[in-house]
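*Asks:* From TrEMBL, for reference:
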type: DOMAIN; residues: 119-436; note: domain 'SAM-dependent MTase RsmB/NOP-type'
type: BINDING; residues: CYS227, SER228, ALA229, PRO230, GLY231, GLY232, LYS233, GLU250, ASP281, ASP299; note: S-adenosyl-L-methionine binding site
type: ACT_SITE; residues: CYS353; note: active site, nucleophile
Amino acid sequence: MFSVKYWCNPWKNTWSTFGKRVGCSWTFGCSCHHAQGSLSKKKQRTATSHLRRKKVPCQSVLDHFDQQYRLELGDLWTSARAVLLNPDFWQYGVMLNRFTAVSDLRRTLKTQGFFSVRLQTEESSAPPTQPCLKQPEGNGPMSTAECITKGLSDDSNLQTDCGSHCLQSELSESPLLQCYIHPYPQRFPSQAHRPSCLKQYYLLNAASLLPVLALQVKNGENILDLCSAPGGKAIAIMQSCNPALLCCNEPDPHRRDWLAKTLESFLPPSVNSCVIVSAQDGRYFGQSEPSKYDKVLVDAPCSNDRSWLYSPGGQQGEQRLRERAMLPALQTQLLKSALSAVCRGGTVVYSTCTLSRAENCSVVEAVLNDCPEAELEDLWEELAVSFSKHFCFSHDQKAPLQSGTIAPCDSRLGILVVPHPGKTWGPMFVSRIRRKL
Ligand SMILES: C[S@@+](CC[C@H](N)C(=O)[O-])C[C@H]1O[C@@H](n2cnc3c(N)ncnc32)[C@H](O)[C@@H]1O
């Protein structure tokens, strides 16, 4: 019953002709009210103002990136730089929410020129086992419902026609991670948070689904999302399987509120008992919950190149660059903690959204050197080769070196998506480590 009317003077440009976006407006209908309303004047102003506002890159961050990434990436930095400095050309993915009715949305997306990326690997599309069996124990972390009722909204609101109807009809189906992308920088409107209505889709950088695919989650597993806010990957995990438990951890209180709101917006009350929110410092999870999880995702705090490049004012950029040097130590501790929290034979996926070698390969290398029970898994064939049509991956170690560059990161340590004209996704680094039996 989803109904979207979306008129957008789409990009008049392609990668070869740099044109101008002319204007964009839409009305938006929500299936749960079976009504269609237009955006308020204020919202329309907000919706169109981003078209006028030009993002200004922070010069000190750009200089720093130029210095580091020219050495680390050579020519790939030239094309990544061109993409990062042109936000008008960024692509956006639309991840569908399987807990809502999405047939009309699919049609709308196709009409707009979006197409579905085949994301399900054989592992992740295994038939359902027993979904959502375990309840959170004792004084453990808050459940989504608890978290939500403690301040965000009344989760009973979710049991409106949208929640209950879609839940019955669609939850019984096999989990399915569905993402639509557009060959050009066509932006789909975001959906506003409505306490009584589940959202039908989540807008994201499609490369951020790679860590979730690498995790190969299965029904009935215990999964830890160690650094979870704002919750995009947690939602992707819930699209991919019916876990026994998904623990979403976020120590920062403001970001945890954001996470809770995301969970509330995308998940029906019936899965509340298997999705819990925790507030620990991830570095100590391995001690507090040793060997408890089948899978752990460490989507680590990092220097987020896309957003750092647009740090407002010179000061914030410089402050971030000072803090950058401290990140690898924190990331290493988080990854080690994850390896203790995962059971023997279980896997940990480490990911960042930076191109920085110090935060990617070097962190993985340090952990492998320190943890004899850690065994690296090669993602090149499984993900880089499979998705090379959509994403640009950095050269592997066999690529010829240019003079003036340093040895490229060994792609066996992890795969790196580098933004590239026409494939603007990333940056995204993904590595998978198994804890030996
Ligand atoms: C890259 S973001 C995670 C994005 C999230 N996985 C998603 O897909 O929406 C990293 C998160 O790690 C959190 N973080 C920072 N320090 C942490 C720590 N010591 N333990 C756990 N999480 C931490 C940050 O607050 C931030 O929300």
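Glycine too: its Cβ is placed from the backbone N, Cα and C atoms.
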*Asks:* CYS227 (S-adenosyl-L-methionine binding site) has how many other Cβ neighbours within 10 Å of its own Cβ?
*Replies:* 22
*Asks:* Would you count the other C-beta atoms found within 10 angstroms of the C-beta of ALA229 (S-adenosyl-L-methionine binding site) for me?
*Replies:* 24
*Asks:* Validating a neighbour-count step here. Other CB atoms within 10 A of the CB of ASP281 (S-adenosyl-L-methionine binding site): how many?
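*Replies:* For ASP281 (S-adenosyl-L-methionine binding site), the 10 Å Cβ neighbour count is 13.
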*Asks:* Which residues, sitting 6 or more apart from GLY231 (S-adenosyl-L-methionine binding site) on the same chain, put a CB under 8 Å from its CB?
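*Replies:* Non-local contacts for GLY231 (S-adenosyl-L-methionine binding site): CYS248, TRP258, LEU259, THR262, LEU263, PHE266.
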*Asks:* Grab the pLDDT values for the domain 'SAM-dependent MTase RsmB/NOP-type' (119-436) and give me their mean, rounded.
*Replies:* 83
*Asks:* If you draw a 10 Å sphere around the Cβ of LYS233 (S-adenosyl-L-methionine binding site), how many other Cβ atoms fall inside it, taking every protein chain shown into account?
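*Replies:* A 10 Å sphere around the Cβ of LYS233 (S-adenosyl-L-methionine binding site) contains 22 other Cβ atoms.
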*Asks:* Taking 10 A as the limit, how many CB atoms besides its own sit near the CB of the residue listed as 'active site, nucleophile'?
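*Replies:* For the residue listed as 'active site, nucleophile', the 10 Å Cβ neighbour count is 23.
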*Asks:* For ASP281 (S-adenosyl-L-methionine binding site) and CYS353 (active site, nucleophile), what Cα-Cα distance in Å is obtained after rounding to a whole number?
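*Replies:* Cα-Cα distance, ASP281 (S-adenosyl-L-methionine binding site) to CYS353 (active site, nucleophile): 20 Å.
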